[in-house]
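To start, the structure itself, in structure tokens.
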Amino acid sequence: VHVIHEWAWAGTPNEGAAWLRLQRLADTWHRILLIPVTGGVIVGMMHGLLEILEQIKPSSGSSKSSQRQGFDVLGGVFPTIKAIQAAVTLGTGCSLGPEGPSVDIGKSCANGCYLMMENNRERKIALIAAGAAAGISSGFNAAVAGCFFAIETVLRPLQAENSPPFTTAMIILASVISSTVSNELLGNKSAFTVPSYDLKSAAELPLYLILGMLCGVVSVVFTRLVFWYTKFFEFIKEKYGLPDVVCPALGGLGVGIIALKYPGILYWGFTNVDEILHTGKTASAPGIWLLAQLAAAKVVATALCKGSGLVGGLYAPSLMIGAAVGAVFGGSAAKLINSALPGNAAVAQPQAYALVGMAATLASVCSVPLTSVLLLFELTKDYRILLPLMGAVGLAIWVPSVTNLGNETEPHGARKTTRGYSSVSLLDDAQDTGGGEHLELSVVNDANILRSADGDVLLDGLKVSDAMSSNYLKVGLETTLRDAMKFMREYRHKCALVVDDKNLLEGILTSGDIERCLSKDSGKVLQDVYACPVYSVCTRGISYRGLERGVLTCFPDTDLVTAKDLMEAKDIKQLPVVMRGGDSLEERRRKIVAVLHYESVSNYLRKELTYQRSHQQGEAGHHEEMIVNGH
């Protein structure tokens with residue numbers, strides 16, 4: 001990131017945004033516009049490369065078991081390309097942060113170690129948690145916050161109460177080693193400089209609580225904007241058939257246009273945060289009114305970058321937005337109280353509110369309250385700030401829960417809206433579109449094993465390509481129902497994929513469709529019913545938000561947990577797997593690769609759970625024997 005940033009913005013001092021703000025726009029506008037656009041074009045081109053590699057990967061036939069026999073070179077290419085995308089995004093000044101990619105790099109390294117090690121599934125969660133902790137520890141030079149980040153974002157979402165006892169030790173050691181290496185290579189300094197501040201009295205606590213609620217509201221707006229921009233770019237890409245390079249380039253262009261007025265939104269490390277934290281203490285620091293505008297511009301620019309497909313995290317932008325909101329709130333509160341009560345100096349300087357606002361916004365946007373509290377405490381090393389800090393963070397977390405908004409952020413990994421990593425076509429949010437009958441492919445009867453917490457843990461990290469089947473039945477649109485039923489019986493298939501003359505997916509025929517057809521046309525001559533073409537019987541699409549869409553599908557790179565959740569939400573037992581991309585918009589999401597059967601996922605989990613239980617029983621018996629022999 002630093003190398004690309006220094007090359008792209010050569011000649012610009014380290015102050016960055018403060019320096020650009022003082023320059024004549026006629027001298028700098030071309031750089032401010034063109035550099036982020038160039039970064040977006042490069043990131044978009046790499047999105048296209050990832051899609052090509054995704055098409056190659058399933059055809060290689062590699063499975064999870066074969067990957068463990070050696071290093072999966074192609075599997076290691078994906079996180080490497082994503083890291084390069086993040087470096088280009090940040091190096092060209094786009095409004096995202098490095099912490100999310102740092103965590104992804106740590107998790108990818110951990111997953112690589114797991115694949116090369118002995119087939120011991122108990123170590124997987126511990127390794128991934130350790131990798132996540134290392135990413136945050138090195139990014140902020142805060143080892144304690146890194147440990148709690150791993151607990152909040154890895155262990156708790158995976159319900160890893162039964163994780164091995166060495167998990168905690170691995171997390172702590174990873175944080176310590178990562179922070180130590182970072183100190184040696186980058187110097188022993190904090191991510192940003194904490195200014196001098198003063199906490200006046202406990203009477204200020206209500207102000208900090210109000211600030212916490214304000215940060216919660218800002219995080220709700222921010223998260224909704226990220227979601228809306230993501231859907232907007234998906235819509236225009238599908239409607240106009242835009243190539244991969246266009247959306248990130250548009251995101252970079254939008255950032256450049258906003259930066260013409262507010263250069264402070266550009267990524268410049270934590271220099272911009274330092275400038276906000278010194279509001280009122282230096283001549284170049286922005287005033288309260290400019291900070292309010294800058295906070296709004298940063299929210300829009302960051303949501304635009306994330307939604308367009310640029311690669312980066314939300315941690316650094318959340319900290320900057322929180323610092324600006326806190327400084328504006330603190331400065332405004334001081335003016336109001338001092339005007340109402342002249343001579344009263346009971347309100348702290350804006351710096352204290354800016355620090356609390358940083359933690360509250362980070363906690364609310366990324367759902368990491370403990371990490372936020374400990375991060376700020378590690379940076380300030382001041383016990384006095386803990387009470388207002390914890391109160392503000394608590395209310396900031398409460399506001400999104402009241403609005404029933406599921407935070408869609410990078411640390412949870414449950415919903416990656418960035419293109420190319422995990423999505424389910426059409427209904428990736430698995431919302432009920434009203435009446436499940438027209439969505440039903442067949443009824444799921446036994447889902448207890450998949451709905452267990454252990455099941456989600458075992459499926460973590462797996463893709464649809466690990467469980468899909470290339471053995472499927474295809475029939476043409478004009479095939480009669482009689483022939484289709486004959487083929488299904490003869491080849492023992494529970495469904496048939498209906499394709500057009502170009503071999504592209506048009507629908508899916510299941511036993512449920514056949515039963516509905518027979519019951520609906522019970523008054524007709526049975527021979528006439530059997531002679532009807534399958535295109536009049538099969539499930540060919542759904543009605544989604546008033547629009548007619550195609551049949552539910554997934555991609556080979558879709559997370560297996562995501563596909564499983566969709567199948568459970570819609571009570572379906574198979575999903576067609578289609579290839580990404582295509583020569584035209586018509587072919588996208590319709591070129592069949594395989595079929596994912598729910599029972600295949602169930603069988604996989606059943607075997608793994610049986611293995612785990614037998615392994616745990618063996619360890620328990622060995623432990624009991626040791627206790628008996630050792631009295």
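Including glycine, each Cβ sits where the backbone N, Cα and C put it.
Automatic, uncurated: that is what TrEMBL annotation is.
Predicted, not measured: the structure shown is a model, and the values here were computed from it.
Residues or ranges marked as domain 'CBS' in TrEMBL: 468-525. The feature transmembrane segment is assigned by TrEMBL to 29-50, 125-151, 207-229, 249-270, 282-304, 310-331, 352-377, 383-406.
Sequence-distant contacts of the transmembrane segment (310-331) (same chain, six or more residues past either end, CB-CB distance under 8 Å): 39-40, 43, 82, 85-86, 89-90, 94-103, 139, 207, 210-211, 214-215, 218-219, 222, 226, 248, 251-252, 267, 270, 272-273, 276-277, 279-280, 288, 291-292, 294-295, 298-299, 302, 347-362, 365-366, 409-410, 418.
The predicted model assigns the domain 'CBS' (468-525) a mean pLDDT of 81. Taken residue by residue, the domain 'CBS' (468-525) breaks down under DSSP into 20 helix, 17 strand, 21 coil. Residues 5, 16-18, 20-21, 25, 29, 32-41, 44, 90, 92-97, 191-192, 233, 286, 293-294, 297-298, 300-302, 304-305, 307-310, 312, 316, 319 of the same chain lie 6 or more positions beyond the ends of the transmembrane segment (249-270) yet place their CB under 8 Å from a CB of it. Highlighted: of the candidate stretches 207-229, 282-304, 352-377, 383-406, 352-377 has the greatest count of Cβ pairs under 8 Å to the transmembrane segment (125-151).
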